[in-house]
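Listed features, source Swiss-Prot:
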SIGNAL    1-21  signal peptide
REPEAT    35-86  repeat 'FU 1'
CARBOHYD  36  N-linked glycosylation site
DISULFID  41-48  disulfide bond
DISULFID  45-54  disulfide bond
DISULFID  57-76  disulfide bond
DISULFID  80-95  disulfide bond
REPEAT    92-135  repeat 'FU 2'
DISULFID  98-105  disulfide bond
DISULFID  102-111  disulfide bond
DISULFID  114-125  disulfide bond
DISULFID  129-142  disulfide bond
DOMAIN    147-207  domain 'TSP type-1'
DISULFID  148-190  disulfide bond
DISULFID  159-166  disulfide bond
DISULFID  199-206  disulfide bond
REGION    201-273  region 'Disordered'
COMPBIAS  213-223  compositional bias 'Basic residues'
COMPBIAS  224-252  compositional bias 'Basic and acidic residues'
């Protein structure tokens, strides 16, 4: 009798546990399927589902759909990720994807950074920059063409020749200018920064230490008057140079001719008397 009562007690207890577990699982399924229930939602979701993720977000958060394979999952973020722009509505804050050629954007019509191979100009991404602009490959933007700018010419330098300013008549003078703005890739090239031209000066003697090389050489070549007198050879007191046999024979013949001429003159005088 006691054994029969105990067995019935365990049967009834197991049946009650089974009914309770069924009611609990039914309640969990109902809560997951109900769209207004937020129990168990993670990451700032106000409402969610196991299959689609977040369905709505808490205040100030942005709702964005992320693609995972063939499936899109709702996510709530404090700011929109790169490639999306945020728009706030009364009932939801939403992230929308930028255009295909845009990396980051302010809204659907204004890009702030283009993807590789495109140049940014006035909020749009272009393959080539418009006329009058050039592409900056560093910033990937269309920028204005910059031409070279140079300063005014300096005054002409003193007339010089081989670094000297005296001791000559013709020399060279120069002037220079500086580059203020270097050109961009398509800008006009810079002009020459120096010029030189021939010049003439009034002849003037150089101070000591500035005389040119030619002037010093000329001074060395000009002898003094006393030195020139001393340089004249004095033949007095010099021994006569030795004569060659031919010179002696010529002198003897000249003497004979003179003697013969005198004899002829004397004979002619005697015949006249």
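Placed from the backbone N, Cα and C atoms, the Cβ positions cover glycine too.
Around residue 114 (disulfide bond), the same-chain residues six or more apart in sequence whose CB sits under 8 Å from its CB are 101, 102, 103, 120, 125, 140, listed in sequence order.
In terms of C-alpha distance, the listed disulfide-bonded residues 48, 95, 98 place 98 closest to residue 190 (disulfide bond). Residue 76 (disulfide bond) has its Cα within 10 Å of the Cα of these disulfide-bonded residues: 45, 54, taken from 41, 45, 54, 105, 166.
Candidate disulfide-bonded residues: 45, 57, 111, 148. Nearest to residue 98 (disulfide bond) by Cα distance: 111. Long-range C-beta contacts of residue 80 (disulfide bond), restricted to its own chain and to partners at least six residues apart, with a cutoff below 8 Å, comprise 62, 64, 86, 95. Most Cβ neighbours within 10 Å among the disulfide-bonded residues 54, 95, 125, 129: this distinction goes to 54. Comparing the disulfide-bonded residues 159, 166, 206 on other C-beta atoms within 10 angstroms of each C-beta gives the minimum for 206. Under a cutoff of 8 A between CB atoms, and with a sequence separation of 6+ in the same chain, the neighbours of residue 142 (disulfide bond) are 119, 120, 121, 126, 129, 130, 133, 134, 135, 136. Taking only the Cα positions, the spacing between residue 111 (disulfide bond) and residue 54 (disulfide bond) is 28 angstrom. The disulfide-bonded residues shown are 54, 57, 105, 166, 199; of these, the one with its CA atom nearest the CA of residue 48 (disulfide bond) is 54. Measuring Cα to Cα from residue 41 (disulfide bond), the disulfide-bonded residues that fall within 10 Å are 54, out of 54, 105, 148, 166, 199, 206.
For residue 54 (disulfide bond), the nearest of the disulfide-bonded residues 105, 159, 166 in terms of C-alpha separation is 105.
Restricting the disulfide-bonded residues 45, 105, 159, 166 to those with a CA within 10 Å of the CA of residue 57 (disulfide bond) leaves 45, listed by sequence position.
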